[in-house]
Amino acid sequence: MTQDELKKAAALAALDYVEDGMIVGVGTGSTVNHFIDGLAGIKHRIRGAVSSSEASSKRLAAHGIALLDLNDVDELPVYIDGADEIDHGFAMIKGGGGALTREKIVAAVARRFVCICDESKRVDVLGRFPLPIEVIPMARSQVMRAAAALGATPRLREGFVTDNGNLIIDLHGLSITDPCATEQALNAVVGVVTNGLFAARGADTLLLASAQGVRRFERSAT
């Protein structure tokens, strides 16, 4: 199977978590695109979706799936999204597509976070994939200096502006052995909106696709 076929398999498996009358939180990225396409087939069963990006909103709307504003929703039963990396503690690096802030906001509201990805995204230690941070434009240089002091090699994502009008700096060369501490340290830097570590709010369920099929893992309660 190709990587895209594996992504599709994981995405379609997530449809099992969509129940009648539900409002579904929807992430961003190539794997989530497959989920949105699958969701279109059962759109008559759900109330609608809360989207984490303009790109996902456009795809949902193209399928005729009702879009709801997060501010009008008290709670989301489930949030479906991919990951650039996920470790064995269910902490993730996300935001390769630049939607990390809205993804983190929607995930925070959801009761269950279902991560969908292929087996290449499962890692022992996070950091091989560059860690994105969303930055207020006037703080770019200050944040890059602070990131370098933490041991990263920061690189501005040239020509990219987030849906919120901010910049993305990608941090290379990190070996993230304590994702929660790193997430907190980066968020404490003045000018950082948020970073792509999802550790304080990691995934609850992982649907991991391989040539042998889609396996389900649940985060330990301990």
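Each residue, glycine too, has its Cβ placed from N, Cα and C.
Here is what Swiss-Prot says about this protein:
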type     : residues                                                                                   : note
ACT_SITE : GLU103                                                                                     : active site, proton acceptor
BINDING  : THR28, GLY29, SER30, THR31, ASP81, GLY82, ALA83, ASP84, LYS94, GLY95, GLY96, GLY97, LYS121 : substrate binding site
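A C-beta separation below 8 Å, combined with a sequence spacing of at least six in one chain, links GLY96 (substrate binding site) to GLY29, ASP84, PHE129, PRO130, PRO132, GLY196. For the binding-site residues given as THR28, SER30, the lowest number of other CB atoms within 10 Å of the residue's CB is seen at SER30. The substrate site is defined by THR28, GLY29, SER30, THR31, ASP81, GLY82, ALA83, ASP84, LYS94, GLY95, GLY96, GLY97, LYS121, and by the 8 Å test on Cβ atoms against their centroid, the other residues of the chain that qualify are GLY27, VAL32, CYS117. Taking the C-alpha positions, the distance from SER30 (substrate binding site) to GLU103 (active site, proton acceptor) comes to 14 Å.
Across the structure, ASP81 (substrate binding site) and the residue listed as 'active site, proton acceptor' place their CA atoms 8 angstrom apart.
For the binding-site residues LYS94, LYS121, the ranking by surrounding Cβ atoms (within 10 Å, all protein chains) places LYS94 first. In the three-state DSSP scheme, LYS121 (substrate binding site) falls into the helix class. ASP81 (substrate binding site): 29 other CB atoms within 10 A of its CB, across all protein chains. Secondary structure at ASP81 (substrate binding site), taken from DSSP and collapsed to helix, strand or coil, is strand. Its Cβ placed at the centre, ALA83 (substrate binding site) has 29 other Cβ atoms within 10 Å.
Between the alpha carbons (Cα) of LYS121 (substrate binding site) and GLU103 (active site, proton acceptor) lies a span of roughly 18 Å.
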